[in-house]
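Asks: First the structure, then my questions, so here it is.
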Number of protein chains: 2
Amino acid sequence: MSTSADAAGRSPRAPERGMDPRAARSRAAALAAAQELLVEQGWAAVTHVAVAARSGVGRTTLYRHWPDSPSLIYEAIAQRIASARPARTGKLRDDLIAQLNGLRALLHDPVGERGMRVVIERAGVDPAFAELKESLYQAGSGGFRVIIERAKESGELPGGLDTELAIDQLAGPLMFHRLLAERTFGAEYVHSVVDAFLAANLPRRKG
Amino acid sequence: MSTSADAAGRSPRAPERGMDPRAARSRAAALAAAQELLVEQGWAAVTHVAVAARSGVGRTTLYRHWPDSPSLIYEAIAQRIASARPARTGKLRDDLIAQLNGLRALLHDPVGERGMRVVIERAGVDPAFAELKESLYQAGSGGFRVIIERAKESGELPGGLDTELAIDQLAGPLMFHRLLAERTFGAEYVHSVVDAFLAANLPRRKG
């Protein structure tokens with residue numbers, strides 16, 4: 001699928017280079033309609049017929065951009081959850097908080113939240129979504145991986161720390177809180193998760 | 001929906017009281033077929049037509065038990081992820097490990113894992129699934145809540161500890177590791193999660 005680059009970091013809503021403005025407008029209108037349907041009724045409602053009816057874009061045009069329904073849903077999600085890359089300060093706590101705030105923003109954006117739910121479900125039964133989920137997971141976890149590995153090298157975190165477990169401990173609580181407990185949360189919640197992680201993992205200093 | 005009692009703890013596969021054996025067999029065969037379809041192809045494939053074809057149970061019988069497709073999927077999931085209630089020892093670490101091992105088992109059972117993914121996705125767009133997810137969340141988190149509240153009362157955990165955050169910190173990593181990172185894990189992983197939680201939260205002793 002050619003759109004996976006989106007999930008790997010292309011800025012959202014960027015029209016394809018060289019696309020004529022009318023085609024770019026149709027494409028944007030179609031994706032916006034697909035996102036609305038996704039949020040309102042779930043992925044099964046995102047069909048070419050329904051997107052054409054809501055966006056006013058002809059079905060022939062839709063089929064030219066997206067030959068099947070999964071590719072349309074895929075791009076509607078990927079466009080919105082293209083991962084933000086927060087600037088790094090080199091301070092462990094600040095960088096972890098900035099990275100987790102990206103996940104917080106995603107989980108509180110209607111399309112982002114629904115997109116996460118859809119990829120979690122569809123990944124097991126549809127290879128295109130498995131690819132999207134993997135690409136999102138790599139983009140999302142990659143930021144944490146860089147921060148944690150650097151802190152291990154500098155001695156801020158213990159060299160023996162399991163980086164994958166650390167990512168689970170940072171991102172897992174946010175996912176659980178939003179997608180299972182169905183609660184919203186603010187910046188203080190993110191601070192609590194990071195501080196608990198640091199309390200468990202900072203090297204103990206004697207005396 | 002009358003089946004939510006399943007999720008609240010009724011033992012799985014128990015036939016309804018007073019149901020004649022032939023009806024109970026049909027019901028069990030239909031639910032097994034629904035579970036297979038769910039694992040192989042996702043919830044959208046669990047239709048009365050497909051379940052009848054696979055189980056050999058007549059469609060009229062299926063409609064009598066489950067008037068619509070969501071109620072059939074609901075029970076296929078609820079039957080398998082009825083929460084186990086591990087015996088408690090009164091020892092904080094052991095009880096947290098036992099409770100998390102129940103979630104680990106669920107996430108490594110094919111129907112349980114798929115069921116979790118389905119309720120996470122469907123809960124936002126179908127009230128029946130929102131109810132199922134809520135009932136599963138309450139049953140699952142309820143065990144942690146009892147253990148943590150008791151440890152707060154006894155002073156083993158700080159009285160000011162946020163119980164909901166604690167549940168997120170315990171269950172969240174497992175969910176993330178299995179449903180996002182798509183990795184399996186064993187008992188040692190559960191121990192690491194519990195020990196990190198305790199390291200972050202046990203009251204510091206002076207001296």
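Keep in mind that glycine also has a Cβ here, set from the backbone N, Cα and C atoms.
Nobody curates TrEMBL annotations by hand; they come from automatic prediction.
Below are the features I grabbed from TrEMBL:
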| type | residues | note |
| --- | --- | --- |
| DNA_BIND | A:47-66 | DNA-binding region |
| COMPBIAS | A:13-23 | compositional bias 'Basic and acidic residues' |
| DOMAIN | A:24-84 | domain 'HTH tetR-type' |
| REGION | A:1-24 | region 'Disordered' |
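Give me the local environment of each listed feature.
Replies: This prediction places the mean pLDDT of the DNA-binding region (A:47-66) at 96.
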Asks: In terms of Cβ proximity under 8 Å, which residues at least six beyond the ends of the DNA-binding region (A:47-66) contact it?
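Replies: Distant Cβ neighbours of the DNA-binding region (A:47-66) are 26-27, 29-30, 32-34, 36-37, 72, 75.
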Asks: Summarise the DNA-binding region (A:47-66) as counts of helix, strand and coil residues per DSSP.
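Replies: Taking the DNA-binding region (A:47-66) as a whole: 15 helix, 0 strand, 5 coil.
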